Amino acid sequence: MAEAALAGQLPDAQSGLRLLTDPGIELLPLLQAAFRVRFHHFGRGVRIHILNNVQNGYCSEDCNYCAQAKNSKAPIEKYSIKSDEEILEGARKAYESGAYRYCMVSSGRSPHAERIDHMSKLIREIKSRWPVEVCLSAGFLDANKARELKEAGLDRYNHNLNTADGYYGSICTTHSYGDRLNTLQEARRAGLEVCSGIIIGMGEKPEEIVEVATTLRSLQARSIPVNFYVHVEGAQLGAVDQLTPAYALRALALFRFFNPDAEVRAAGGRESNLRGMESMALYPANSLFAEGYLNTTGHMAEKTVKMVEDAGFFVEKIEEE
């Protein structure tokens, strides 16, 4: 499969399903094949992303996996938008910690015009101070909002599909899968890179994981965060699937084969789901989060960098001009 991917011949759905479910496909040769594709496009470099949850809670949506959803009973700290000083300080720390990209995440259905103006100002300030790429995740966009963010210098917009179209109604009822697709398409039309991924382990079928990989390929997603579900006490979706490290690694390999030149990230839940096999994620994936997620903790940057280097990889940074 590596030879086919390197030649531009991408796998079909049946081949993808076999990668996830066929015990006759041994894990280590699969990871080695995925690494050949990863190495061709990214070498041994690893891009570290650091999130800043700039607004937490107060969300109108009912995504049942999310601790911030309107019907969640999770005991999270709710706060409106952080001060400019806090957000800029987060960017400075991200850069000094070795981050390739600083990702600002704001809860809510869609940012109003004043919020877009505010975020655009912050994006310009960050880009003027530090050589770091900037990603924003703030809900649904229309053409005008996407265009303003692009003009401000935003590199990438994140809006996760999270699961397949046919399963989406099982995890959310306040908006549709089509709403998410529309935002990704508007971001692309504005010239923004698209970041979109999945949460694995919410009760979906293997076929639906393959479907998401295929959809992201059609959207030309440049960044794919592969999250592994972690139940937060009080969230409406309980503990659903017990993922094994081997299954999680197979999923990362799947996304690499289906999206050979995309940035594939071992994202939320990697620590608790990959466990002792965490460093093996670097064979298919070329990107990691550090310093935690939205409402769950993760490894600090120093520990993440050490894991990367111990595994024979290196942290990739943007060169200063």
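Cβ from N, Cα, C; glycine included.
In the record from Swiss-Prot, residues C135, C195, R265 bind [2Fe-2S] cluster; the candidate from C66, C103 listed for the same site is C103. Just so you know, the Cβ of C66 ([4Fe-4S] cluster binding site) picks up 25 other Cβ atoms within 10 Å once every protein chain is counted.
Summary of the [2Fe-2S] cluster site environment: with the site residues C103, C135, C195, R265 set aside, the chain residues having Cβ atoms within 8 Å of the Cβ mean position are H49, R101, S137, R156, N158, S223, P225. When the binding-site residues C63, C103, C195 are scored by other C-beta atoms within 10 Å, C195 scores highest. The Cβ of R265 ([2Fe-2S] cluster binding site) lies under 8 Å from the Cβ of H49, G197, S223, I224, P225, V226, A285, N286, S287, L288, F289, each of which sits 6+ residues away along the same chain.
A straight line from the CA of C135 ([2Fe-2S] cluster binding site) to the CA of C59 ([4Fe-4S] cluster binding site) spans 20 Å.
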